[in-house]
Amino acid sequence: MTPNDAKRPLQLNDQGQLRHFLSLDGLSRELLTEILDTADSFLEVGTRAVKKVPLLRGKTVCNVFFENSTRTRTTFEMAAQRLSADVITLNVSTSSTSKGETLFDTLRNLEAMAADMFVIRHADSGAAHFIAEHVCPDVAVINGGDGRHAHPTQGMLDMLTIRRHKGGFENLSVAIVGDILHSRVARSDMLALRTLGCPDIRVIGPKTLLPTGLEQYGVRVFHDLAEGLRDVDVVIMLRLQRERMQGGLLPSQGEFYRLYGLSTARLALARPDAIVMHPGPINRGVEIESAVADGAQSVILNQVTYGIAVRMAVLSMAMSGQTAQRQLTSESASEEEI
Ligand code: CP
């Protein structure tokens, strides 16, 4: 470890560029805006007959998903392919991890195959950070969702969706509704909205599904859905994350829908041009009515499309941050030799 390593946040290089992407915590408005601008420029690639640019040609991106995923895994694969990288997706259920190999040993083996980037999803909060601390210095680590901690690329694709549909963040009211307690998406969204200057962030849910310490995110808390939705510009619905729930946090799914489900009538309390978002997978009739999920105000499928562009931006920026760091390190080593 160099003296600079000790001072620098893990996910940035000495010049403040991205080299891993683990969390939105501590990233500046300028860096988040650069990710959004870069993603915006990549959206056009998805409309071409040949959907490829050569930015990561010769690089190998390894998707290592220890938790189920449809959107994140496939859009990271597509993003890496559109950047011309070689892509390997490790199926953890058929890998040697299921024969008792530790996460660490699995990753050491992938490192030995000269992978340049790992995209990691893991049920444990902090897993991506742990891996970034321990992989060899040339490998970039991207967090595809860790426990209830962070889902930074989802956070950024949500921000791209809001910026493209609402033009910016300065005058917006955004409501995040449902199971905030278990949601890494909610944490990443709250951090991103705050950093990007959104003045009114509301979280709405029952007391049992709201974490303590929400004040650090600068949000307003509502327990009544109708009150919280009034005149908002953006509604972000969340799934009930039963796989992370312990004990009886809810009387029943039906009762949750009665109190917190987004119906057409409830959506009418928001501004007439409000957009409805959801990270997926959606549970129809649990947190959202089908007519709303499929309705004119829903941008849920646009989020998926924007997710490819955001992941292209993050992969390419982290790779160039790693390359720049390698050059800086080798230049300072040569100076020391002189
Ligand atoms: N939004 C999201 O993370 O979806 P997946 O679990 O399908 O990746």
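Any Cβ shown, glycine's included, is placed from N, Cα and C.
Under the heading carbamoyl phosphate binding site, TrEMBL lists ARG71, THR72, ARG121, HIS151, GLN154, GLY280, PRO281. DSSP assigns ARG71 (carbamoyl phosphate binding site) to a helix.
Other Cβ atoms within 10 Å of the Cβ of ARG184 (L-aspartate binding site), summed over all protein chains shown, number 23. As annotated by TrEMBL, L-aspartate binding site applies to LYS99, ARG184, ARG239.
According to TrEMBL, the feature domain 'Aspartate/ornithine carbamoyltransferase carbamoyl-P binding' maps to 19-163.
Feature annotation from TrEMBL assigns domain 'Aspartate/ornithine carbamoyltransferase Asp/Orn-binding' to 171-317. Residues of the domain 'Aspartate/ornithine carbamoyltransferase Asp/Orn-binding' (171-317) grouped by DSSP class, helix first, strand second and coil last, total 61 helix, 24 strand, 62 coil.
For ARG121 (carbamoyl phosphate binding site), the nearest of the binding-site residues by C-alpha distance turns out to be ARG184; the candidates were LYS99, ARG184, ARG239.
Checking the binding-site residues ARG121, GLN154, ARG184 against ligand 1, the ones with a C-beta less than 6 Å from an atom of that molecule are GLN154. Note: the CA-CA distance between HIS151 (carbamoyl phosphate binding site) and ARG184 (L-aspartate binding site) rounds to 5 Å. Among the binding-site residues LYS99, ARG184, ARG239, the residue whose Cα lies closest in space to that of PRO281 (carbamoyl phosphate binding site) is ARG239. For the binding-site residues ARG71, ARG121, counting C-beta atoms within 10 A of each C-beta gives the highest total at ARG121.
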